[in-house]
């Protein structure tokens, strides 16, 4: 019997209907490699192997051993490459699509890593509902939604109740997807100077991420007050105010009220 480890944020999805809904929600992969973070008890992994070849990253050696045992007992039409490694160090050489029931405590960081990675073309993940809502929020409600919608389209798909897991978490989970869009990536890459597009895209994402941290540092305060406290951007506050004036937005706006962060950042970086 496998006991979930609190230190790794393990909650195993057991409900067959939700496992099927996740697999059925995958978009057409075409030639993309499918990458999974966290093998868990193997239930989602085995369902995926009925349809796709799969590479899975799992840090827990006990779960890796259980997965190997299940594969010996249950033959599948497609092969699994099981990598016993921390997914924070996930690095692929070919384009891929990410799928995962992410551990709550590290979900945001793993999603941001995937969004930042030019090789990742999209993701379908389950997180704590609160986190999913942040990534999928419209307009500029928070930094995570700006990042997700600047590089692609983020969509909340469905909720999963605590009763679907073992052990049950204290909160609801949600499944959402982010599908990257080449035109948005091109615009994001234009923020950076680099010899190769993928390098420019990654640098552009990191530049926007850093800017948003400053803008949303105190969400209830005005944008200008937040930037005044920023070592990196306080000297460029005049450019921000000029941009807001051109966009017919008051200088007292909060970060969540800015209409176009990519356009704003381009204006700030110019000259």
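Heads up, the Cβ atoms here are built off N, Cα and C, so glycines get one too.
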**Report entry** Same-site residue for S-adenosyl-L-methionine (record: Swiss-Prot; known: 11, 13, 38, 86, 101; options: 58, 74, 93)
**Finding:** 58
Report summary line: Counting Cβ atoms within 10 Å of each Cβ, the densest environment among the binding-site residues 58, 86 belongs to 58
Report summary line: Comparing local Cβ density (other Cβ atoms within 10 Å) for the binding-site residues 11, 13, 101 points to 101
Query raised in the report: What number of additional C-beta atoms lies within 10 angstroms of the C-beta atom of residue 38 (S-adenosyl-L-methionine binding site)?
Result: 23
